[in-house]
């Protein structure tokens with residue numbers, strides 16, 4: 001039980017990225033450009049998929065939701081991080097911290113399972129091409145999108161309830177630039193070993209489960225590709241998966257580094273650097289990975305620009 005003379009924490013302060021003013025300017029300009037590129041790339045991808053009817057297939061339906069999740073997850077972190085760059089007191093309310101943690105956790109878990117849904121879609125497309133339209137019906141696609149959002153919501157509630165039912169009565173300086181779960185738990189006025197163990201177990205189960213779906217899908221995909229007689233056929237089949245594999249490798253590598261490591265190797269400072277990568281850089285990279293390495297997206301982009309140019313040219317003539 002808490003003593004009456006203990007102070008209940010109503011707000012938290014961030015240590016931020018650096019205390020050097022000159023470095024803050026460089027970081028501010030860098031991550032402002034990264035955030036703008038993230039919004040432009042992901043929202044542009046959503047609009048492109050919506051406008052081009054040739055992209056109205058399951059693969060790009062999932063990609064549009066991935067772009068939405070990336071834009072949202074970046075917007076949960078980046079605006080606050082950028083606004084805190086040049087203020088002495090980087091403060092956030094207790095409720096604001098809970099909301100930021102809730103939203104970011106939701107989008108991260110959702111992205112992991114969206115990538116699993118996309119892996120299953122690639123498996124059906126390559127391994128069962130004749131049954132693709134039958135298996136990947138509109139109903140199934142909607143279910144494969146609702147599922148990740150639902151899993152993200154449930155897992156987020158587990159983490160939020162675990163973290164914010166604890167008493168916070170002493171230190172309120174978070175060694176981070178946003179409200180991440182482990183740094184927040186380290187400030188609780190209670191033994192958090194069980195909570196951290198729960199985080200490790202839940203993160204491990206979610207990561208392993210979604211990872212197994214992706215791994216099994218690609219094992220079957222690899223077996224099918226190896227059975228293709230022509231080298232050109234194998235290359236085309238692999239090219240449809242290369243963008244997805246790149247996105248999966250980058251995201252899962254950073255998440256496992258932070259959340260599924262033994263506690264003996266845990267370091268808040270190292271996590272801060274890695275978190276900076278997966279909260280700001282990865283959401284920016286995904287649309288470029290899928291567009292630069294995907295002929296259909298590049299062709300759709302060219303068609304959209306040509307169509308808009310023709311419309312504007314006709315308006316000028318008329």
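Backbone N, Cα and C atoms are what each Cβ position is placed from, and that goes for glycine too.
As the structure is a computational prediction, the values presented were derived from the model and not from experiment.
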One side of the membrane in Swiss-Prot: residue 13 and residue 299: no
Cβ contacts under 8 Å made by the topological domain 'Cytoplasmic' (220-239) with residues that lie 6+ beyond its boundaries: 122-123, 126-127, 293, 295
Model confidence over the topological domain 'Cytoplasmic' (115-144) (mean pLDDT, whole number): 94
Ranked first among 94-114, 240-260, 272-292 for CB pairs under 8 angstroms with the transmembrane segment (199-219): 240-260
Cβ-Cβ distance under 8 Å to residue 97 (disulfide bond), same chain, at least six residues away: 12, 174, 179, 184
